[in-house]
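Summarising the annotation, TrEMBL assigns coiled coil to B:51-81. Residues annotated as repeat 'WD' in TrEMBL: B:101-133, B:191-232, B:233-276, B:277-318, B:330-362, B:363-395.
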Amino acid sequence: MTIGGPRGGGQPRLQMPCLGKMERMIVSMQDPDMGIKMRNQRLLITVIPHAMTGNDIVEWLIQKYGISEEESLHLGNLIVRHGYIYPLRDPRSLVLRADESPYRFQTPYFWTSTKWPATELDYAIYLAKKNIRKQGELIEHEKDNYNLLHKRINHTWDFVVMQAREQLRAAKQRRKGDRIVIDCQEQAYWLVNRPPPGAPNVLEQGPERRNCHTTRVQLNMDYYKREIEYCRKAMARTRVKSSICLEGYLKFNEQYVPHDPIMSGCLPSNPWITDDTTYWAMNAPTVTTPTKLRVERWGFNFSELLMDPLGRTQLLEFLKKEFSAENLSFWEACEELRYGEQSHINEIVDSIYQQFLAPGATRWVNIDSKTMERTLEGIKTPHRYVMDDAQMHIYMLMKKDSYPRFLKSELYRNLLAEAVIPPETKKRVFPFMRKQRHSSPSPALLLPAGDTEAKGEEKSRSPAAVPEEES
Amino acid sequence: MCDQTFLAIVFGPCDKCSNEKPLRAVYIKSEQLSYCSLCVEMMATEGLHENETLASLKNEAESLKGKLEEERAKLHDVELHQVAERVEALGQFVMKTRRTLKGHGNKVLCMDWCKDKRRIVSSSQDGKVIVWDSFTTNKEHAVTMPCTWVMACAYAPSGCAIACGGLDNKCSVYPLTFDKNENMAAKKKSVAMHTNYLSACSFTNSDMQILTASGDGTCALWDVESGQLLQSFHGHGADVLCLDLAPSETGNTFVSGGCDKKAMVWDMRSGQCIQSFETHDSDINSVRYYPSGDAFASGSDDATCRLYDLRADREVAIYSKESIIFGASSVDFSLSGRLLFAGYNDYTINVWDVLKGSRVSILFGHENRVSTLRVSPDGTAFCSGSWDHTLRIWA
């Protein structure tokens, strides 16, 4: 969604859907019945009509959206910073104060969405007006800009000065109140479009999107044919009833919430809160005694057991007892193929074949004949996914067969019994005394053997480091 | 005797059926052809002009889309928040900034966690990429990219390398070295080449493959060592802004979101789009899978976050509030998937109850847009990066 529509000459587009929403908010704020009650505000000796206080704005937002005062002040501030409401008393700073400071709604003529981008010519006229009206009224950055513009659009300078003089002359004929209002409106507009250095630029966007025209999708016959084909395939797909899917979330939630440190805390304590890294030490990839929560989690599903390095080691132990350890090794080798380097594919496929699939192989895996046939055929032209079928078959075998037995096994039950529940860290007596935060060795230092230089570096790298202790 | 006008009839081979017959002049696209009367009759009934076929295809596509929506709606028998009534409401929620990482001289655009649960890599507008031990707030490595707006960065699963890219249209991999004599930039590997900016990148299960998303409307899978393109994914109608790999046990799919308001699920092996969702009103800035892999959340410039279920094949929840009018730039789930953290362009982070659909909390602290947000690998905290040049760790 773009505001302002396309402009000629490939000018950048303002991509801010929030502006439209802000404008709707502004309009409802000015609603005669439900909007903010506006009244005349006194500015020194002049009376400005249709104004409101900062407090009014904050209160209205709280009422309308049911939000807290902090959020309301934050939102109000953003509205002011985008120039939709401007302060009367301190017009140089676009800030919302939740007190009796007077504010007014910006005229739609100066809305960010209507008058974007701000033109150099307009800015030059504005600065010229300021300069003419009172010598030395221009502040530092405005002086710099003025000089820059004078150089850049010198050829139109006569026009600029003439326009400035005309506008000033016309302004003198207005009432003082109107003059003040128009000045504030203009100033707010320029604060948004030419923010002083150091002030945040609310109109700043990231790199332009949708600027690559070579890949623009052509709405031709091919496009629609693809859409039709996609729809047909999608219609044929099996869908699951919402009630069943959503039930799944509830189950997942129930299982995992006790394991979610943000929801349920973690024992002994969350390292980020107490600066104590015991939690990480106790849950390191390989420890002698895993925690109870961790061992319980291996029982949730096969993937949890397999993806935990410690769990996988235990699984291997169990499979060895059942004489089916080659299944796990095969699966690991297939993973290495799938995620390995492109140049090693032939090598890895051959190694897998020799170890696991060749007749008489030392660690022959038991795959059904059809899959074996397909795989052996595929090996002739090896590629990354050639073992997918076989790998899936073995994975399912482990999942449906070995895994349930693992959960019932003595091995697993012992693990559960011996697992530790760390005691909660006692709250420190002097909570404001921060515990020293120790560094840990970077994983990048654990280079393959032969890089002993790097290990030597480690000692000099982190002098205050306390090596992580495994319990 | 009256004047009689004679019609000259040409006899000859018909331009269409080649039979020798009396011919009539027929005009197709300003070209004159000679058809026999039978062919003229047939043509009149078939309506074969290319423009007409295009229109009929378009109509067919539209009507099929409508039917697809009907099919999807048929199985939608209950709403998520109704089902979630049985779930206990969340209690008081307190999260504070526990660390503030200062050191970037410009807007922070992207960050990623290392698997060791405490290190992170972050990238910024001025081309700087920094690796931090966020627990101690020490900087461990720094690289200056030759381009500005480094919008994507990722930590390798081994912790030994990082990948990053942006306006240079490339994704480069830097091995992390502690050798003071070695310049990290020297060992840099240029892996991906796109024709427009790089918006997102992620390693797969190993250090040797990278998945990228680009402003040129495509995603691509690359072999890191050789830089070879393994698979490309075409289908988005505009810039692709984000991607996330599925946590499923068979690890074959990923989801991407783009400026065409679509979120698309892809099969990594075949390059085909498996599912596509189009319910947002504006650019999708961020997509993230629900921890079970059965759903994913998206954050968009239309100020809403939405949850899409893959098995039900539809949107199942919208997380929005009237007072939130700025776009969501980045989303992530807590470990259990009960909470959805979303960073917004109004400098705040909103925390949503995924099941009940309500907002749990709003976190203030950043002084400019929140551009990136990720939960740590063990779920103990999350990190947010902002245009205010800082990163914050919340717990």
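Every residue gets a Cβ built from N, Cα and C, even glycine.
TrEMBL labels come from automatic prediction, so no person has curated them.
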**Q.** Chain residues in Cβ proximity to the repeat 'WD' (B:233-276) (below 8 Å; excluding those fewer than six residues from its ends, i.e. six or more beyond)
**A.** 196, 199-200, 202, 204-205, 211, 213-221, 282-289, 291-293, 296, 298, 300, 308, 310, 313
Q) Where, among B:101-133, B:191-232, B:277-318, do we find the most CB pairs under 8 A to the repeat 'WD' (B:363-395)? A) B:101-133
Q: Using a Cβ-Cβ cut-off of under 8 Å, list the residues of the same chain that are 6+ residues beyond the ends of the repeat 'WD' (B:191-232) and lie near it.
A: 149, 151-158, 160-161, 163-173, 238-245, 251, 254, 256, 258, 266, 268-269, 271
(Q) Below 8 angstroms Cβ to Cβ, which residues of this chain, lying six or more residues outside the repeat 'WD' (B:277-318), approach it? (A) 72-73, 75-76, 79-81, 239, 241-248, 255-265, 324-333, 335-337, 340, 342-344, 352, 354, 357
(Q) Quick test of the contact rule: Cβ under 8 Å, at least six residues beyond the ends. What residues does that give for the repeat 'WD' (B:101-133)? (A) 139-155, 157-159, 162, 164, 166, 174, 176, 368-369, 371-372, 374, 376-378, 380, 383, 385-393
Q | the repeat 'WD' (B:330-362), counted residue by residue under DSSP: helix, strand, coil | A | 0 helix, 19 strand, 14 coil
Q | Within-chain partners of the repeat 'WD' (B:330-362) [C-beta distance under 8 Å, separation at least 6 from its ends] | A | 80-81, 83-84, 87, 89-90, 93, 95, 285-292, 297-299, 303, 305, 307, 317-319, 321, 324, 368-375, 378-379, 382, 384, 386, 388, 394
Q.
From the DSSP assignment alone, can you count helix, strand and coil residues within the repeat 'WD' (B:277-318)?
A. 0 helix, 23 strand, 19 coil
(Q) DSSP-wise, what's the residue breakdown of the repeat 'WD' (B:101-133) into helix, strand and coil? (A) 0 helix, 20 strand, 13 coil
